[in-house]
Amino acid sequence: MRKDLIELDGSEGGGQILRSALSLSMTSGQPLRIRNIRGRRSRPGLLRQHLTAVRAAAEICAAEVEGAELGSRELAFRPGAIRAGDYAFAIGSAGSCSLVLQTLLPALLAANGESRVRISGGTHNPLAPPADFLRDSWLPLLQRMGAEVDLELLRHGFVPAGGGELLARVRPARWRPLQLEHPGAALRRQARALLAGIPGHVGERELERVRQRLGWSDEERQLEFLAEDQGPGNALLLRIDCEHICATFCAFGQAGVSAERVAEQVATQAIGWMESGCAADEHLADQLLLPMALAGAGSFTTPRLSAHLQSNRRVIERFLPVRIGDQALDGGGHRIVITSA
């Protein structure tokens, strides 16, 4: 049966609209056309990371594609049948491996067999969730929703050099709903300063500022030296394990920004989330919406609604028979509720 074409304006939400639309087109079988891709960005059109996601999606479902080239502002994507397999995709820059993998996972979870996906590029990119976030925060929630995915970080890759690598093993699964009302009691905390080709005193200063801002003990703060050929790069990661969720926050060292400022950025993120009492921080909320919609139902609380979440909601409701509601919480925050349309 021929399915109706879904047409989208890609100017509002940047690459998020493209990635979500590709995931939904593959899983629903509905053909897609996006115009004005990243039209409001300083560098509009498809960048390497987006192009890798398009080509990878096309390979996995034998899609017919028009406009799959660097700088393209319009894309037509007509999916075929999803095929399990052993796949390898190279971004060719420090573009985010995490975002490419997130684009492909919904389809591979609906495939007819087990798949392996190896993606090379940036694993720790300031404009995307780091691999640690996927492994520690996002995937455990998807596993509670029925997904069967194992993720290995084979090699770190920072901006601008890239060279990182992820390996995912994906087995077919059925989605089930999940409700996340609050995080529950904190069980464990860990701060990690990653250094690749960067002096140790940078990480020491970052971790000292974490101690000052958050009061975390020596045992809760760790300096981690990576092989120099995986850099140069520096990331400060905070992980907070709670009864119902694991939260991950990250900030990146960069030229002209002090180690103390990097630590202030990530500590402020963590404090804001802890004080809110909500289950999902702003970035995790962005990433939970699509899998919950694929499950057909679910809910979570979050301190605020990002522009990414808002644009993602509009795309999802074009493809799937769901309603995504927003309930204001007393004292601030939002409850996002997904129901059948």
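Our numbering is plain: 1 for the first residue shown, then up by one each step along the chain.
For all residues, glycine too, the Cβ spot is worked out from N, Cα and C.
For D286 (ATP binding site), applying a Cβ distance below 8 Å and a minimum sequence separation of six or more within one chain yields Q16, S306, H308, L309, N312. Taken from Swiss-Prot, the feature ATP binding site covers Q102, H283, L284, A285, D286, Q287.
What Swiss-Prot lists as active site, tele-AMP-histidine intermediate is H308, and the listing cites similarity to another entry.
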Compute the mean position of the Cβ atoms of Q102, H283, L284, A285, D286, Q287, which form the recorded ATP site, and then list in sequence order the other residues of that chain whose Cβ is within 8 Å of it.
P129, W138, A280, E282, L288, L289, H308
If one looks at the chain holding A285 (ATP binding site), which residues at least 6 apart in sequence have a CB under 8 angstroms from its CB?
F300, T302, L305, S306, L309, I336
Cβ atoms near H308 (active site, tele-AMP-histidine intermediate) (within 10 Å, other residues, all chains):
20
In the chain carrying L284 (ATP binding site), residues 6 or more apart in sequence that have Cβ under 8 angstroms from it:
F133, S137, W138, I245, A247, T302
